[in-house]
């Protein structure tokens, strides 16, 4: 294997809080190892458009606390074509980049895997997505921050007057993954949590709410993952309202604010450790893999393995705990 | 006029952050003036249900920082009937309450005015609502906190990646009043703000967005007051999407989280000053009035006057400023 | 008077949250009025060092929510000399700047007044300091944010276990002005507040604390302005500890974190309105003055007047209210 | 072993955010398992003073988001005597408590171990302390929240103007453990971190700062754990100031505000899982142990083992990473 002299770094797909901390760690670790660093704007699109620039230590000053990504991000259709990738590689090669660090989610990993194989360029991935739906790691960068954002919203809603029979529905992110809904639901003390991974019939939900109302609760909070089979918080609220009219239902749809905000301490440390590890792994000759965290250890997993199956992230114990806590 | 020996205090209508600070100030000021204090749960409903209790200094310890209201609140239909109010007065009289402090919005003021006239009981009101839509005061308790809550949401959304042609719609509270939308829109640097007080045609909005896009902006944020004539953020987003398909539109509906949260410093100080003034005014013989703030002065306005007309709260200069700032 | 074609803008002295919002408003208002804008780094020092740059609308994009100041700030000794100011003016003139907007506090205003007189250049000031100690305005930019920062700290300290006889001292900013201490003290529900404007003997403080302890309070919070005559929170804590050993005293010194943070909604709106007004006033021919807010109106005051006397900002009613609330 | 019918729960030692979530989980899990629950105020002191009360599901409603502990806490000397423990046991026995859940730190665990052995009463411990200095778990309840609190302070300080040669010292908690200092230092992007576990000579610190200054940095942040051998941030600042006068040094001492605040999502979920596990382990016959988390698994460790040695929590890799990131 050739010696690495210049590392390219980019973020791709949906952004997540902590990506900047990862970029900073990649840049400073590479510089410390006497490598040069090229930043690539807008992910794979930037390779094709050749929007790249040389990064020094100062170029990542005071970004660790910022949400979003200073390298911007994009979804790129052209990179899915052989021609697109060829053009991208041409620019990468011309820039003198001989290894890549890709920060993003599933689609980012897929692109990285193909690109690395096609052009035999070393690539390490870093899992950055608020959804925590990636294989090869316990936690993805941004997930912790997103959970904190959601519980702040829940806490505020819980503050409001305990009028009788008021029912709040809060829709949170998670098209396929109920991680945020489940965690934030437990942390926010929700009375019910609707997850994409399992169907909850409206009648079943009404049963739960009526049991809760029987016990003691006058106001109740239901967390609905956007990917819930009933079609989102607006639909669920309408269905409940239609079936049992005595609730005053209120809906909040948090939307993209869950992607933003200053990253939490845990996300910044995780991102920093992962960025550091990604460069070191590349320099040790590891490639076509993703870094991840298992317990308190940083590990790597081949991309092929990470992409081959969806690991079940949903913590079944926590689903059970959520129910008991709502009693 | 009879000497006041016991003050009753309650919160009514929608709750707002800072109500607890007002309750605390009422209680402690009254006790300091050697009066007794009765807390009434659930506003007018609590008078009818006779859910009252004696309040000492400790009963309001460590509540100044809490959202919501420890006295709970409710909307009460029965109080709108002569019989309901008669029952309420019977309980108030039996409890030895000879003056009332009512904290809430428009409906609360109306009830207080009628009750005070019917039974000749002294009443002072304190304006507590996030909507800032009350006459007789520059600011209502909770409005400042709600604005801060909304801009935190806007800030987070602005963080997320500046993908091209991404268009965010954030729906904020304000059925009839655009105060929150306008202030938070200016403070959040929104590209456009839709207010209930004026109609904004979808085409006009699209024009504004295209101008903004022409200049420089790739991602844009539109604040939509819930009372906007186009029918809320979901509708506006759909209309824009239908007319000009090249935007990727995202919607957040903040909902009741705007009512909660720890009150801001300004709301706590305002509430404390108003609670202090309300009791002092009652003891000086002032009645059937609301306290308010004008500039840095606490003032009072007769309820009749405060209820007679809707003052235009919308700051026209700020509407103009909002447009210039979006350029 | 000559027509203005280019406005220079700078921040000087201590920074405060909201300065960026003011800069943005100055830039965008001037551009809207078809003026050019020059940004000057590091305040008066930047005039001397000639670190200036042309500002367009995008140069102030996405800064409204940022603490600090993108134009940096500095204290500048050289500007206090005739030679320094002559050099500064030379650079200002060469850059084509024919009017200035200065954002800062007392020292900034003094420099602006002298510079404007000496070289007959139009200048408008904007009050930016967390201390709220400027004449000519009810509120300075940053003060509201600083109060919110302090009460978040107080709230957190109040959370910790109510062990018996635990006494917390929190030192807040304010060398000569007790505005933050008083407001945040009231908003945080402090048991005692030590202000620079009045001496509080340690014995008097101990009396207050023992009265509070007699009534009910097991844990107490004392706010100490840094300019308190007893010498700061560490000293006060030590003195109390020496005199009455049965307290477990804990000290927090907030320091410069009070200057930072995302500006509050109120500070952003205030700064935006002031920046807008400053440019408009310059264009109307007003000069050597500061903008300010009185109630809900934006006003201007000649610098000579604003600098001639220190207005008493300390709200005496609030001092009285603070005592009653602590009972 | 006897069947358990009533579980006693208490918090002891320093409080930490998330303790309420643990209490709530213990109560609701025990009730779900058809056990009765007694809450004991003020930890071991409350056993001696017999301040106990029956807890139902509503007694822990809406506490999951609160800092501090609703059961209060205390340090108790009397419990260190045989007589004190005998009195405590008498009250525990009379109350019908036949198993205990103790939430707290090192001292709490020691007391629990002795008490359990002496009176043969089943006890499970839950690690609650912001210091993360307990054996048998990767993370203690409150540590994540404290890290978030510290980085918010660092972020705010970083906002303030980048005047030349300004040097900020932030003192954070950690008498013996540098966990908070190290993690928050990395997450906050500190230029240097002083830890209790290793001596940093002032000259060495000055070297680091001058290297940083040489590179690029005009303002620098140094995190100082309170247990640092140089004697705290005030002392370090003074020493640096004396040796190299050209820095303008500023000190913030965060103090007890690090113990407060609404717990983070991660702390709430961790506390909930641990509370749930503690009760289940007791019911399964496990005793004289602490629950903990290893990676994503909840585990238990005998108290004897957990107390026998101090595990090195300081992450050596992270110490190295911190240095590279500051370059």
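FYI, residue positions are counted from 1 along the chain as it appears here.
Quick reminder: no glycine exception, Cβ is built from N, Cα and C everywhere.
According to TrEMBL:
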type: DOMAIN; residues: A:6-280; note: domain 'Phosphofructokinase'
type: BINDING; residues: A:14, A:75, A:76, A:105, A:106, A:107, A:108; note: ATP binding site
type: BINDING; residues: A:24, A:25, A:26, A:27, A:28, A:158, A:189, A:190, A:191, A:215, A:217, A:218, A:219; note: ADP binding site
type: BINDING; residues: A:106; note: Mg(2+) binding site
type: BINDING; residues: A:129, A:130, A:131, A:166, A:173, A:174, A:175, A:226, A:250, A:256, A:257, A:258, A:259; note: substrate binding site
type: ACT_SITE; residues: A:131; note: active site, proton acceptor
Cα-nearest neighbour of residue A:257 (substrate binding site) within the listed binding-site residues, A:14, A:28, A:105
A:14
Cα nearest residue A:14 (ATP binding site) among binding-site residues (A:26, A:129, A:173, A:219, A:250) -> A:129
Of A:75, A:106, A:219, A:250, chain D-adjacent binding-site residues (C-beta under 8 angstroms):
none
If you measure C-alpha to C-alpha, which of A:129, A:131, A:189 (binding-site residues) come within 10 angstroms of residue A:105 (ATP binding site)?
A:129, A:131
Expected list for binding-site residues A:24, A:76, A:129, A:191, A:219 against chain B, Cβ threshold under 8 Å, sequence order, is none
To which of the binding-site residues A:26, A:76, A:173, A:257 does the lowest count of other Cβ atoms within 10 Å belong?
A:76
Sort the binding-site residues A:28, A:131, A:173, A:219, A:259 by C-alpha distance from residue A:106 (ATP binding site) and give me just the closest.
A:131
Mean of pLDDT values spanning the domain 'Phosphofructokinase' (A:6-280)
94
On a simple 10 Å Cβ count over all chains shown, which one of the binding-site residues A:24, A:28, A:75, A:250 is most densely packed?
A:24
Out of the binding-site residues A:105, A:107, the residue with the smallest number of other Cβ atoms within 10 Å is A:107
As a whole number of Å, the Cα atom of residue A:219 (ADP binding site) is distant from the Cα atom of residue A:250 (substrate binding site) by 11
In the same chain, which residues outside the set A:14, A:75, A:76, A:105, A:106, A:107, A:108 have their CB within 8 A of the centroid of the CB atoms that define the ATP site?
A:12, A:13, A:43, A:104, A:111
Compared by Cα position, which of the binding-site residues A:26, A:28, A:191, A:250 is the closest one to residue A:108 (ATP binding site)?
A:26
Excluding its own, the Cβ atoms lying within 10 Å of the Cβ of residue A:129 (substrate binding site) add up to 25
In the structure shown, with every protein chain counted, which of the binding-site residues A:175, A:259 has the densest set of Cβ atoms within 10 angstroms of its Cβ?
A:259
Take the Cβ of residue A:191 (ADP binding site) and count every other Cβ within 10 Å, whichever protein chain it belongs to.
24
Three-state secondary structure, which DSSP defines for residue A:131 (substrate binding site):
coil
Nearest-integer angstrom distance between the alpha carbons (Cα) of residue A:26 (ADP binding site) and residue A:129 (substrate binding site):
17
Sparsest Cβ environment (other Cβ within 10 Å) among binding-site residues A:106, A:131 belongs to A:106
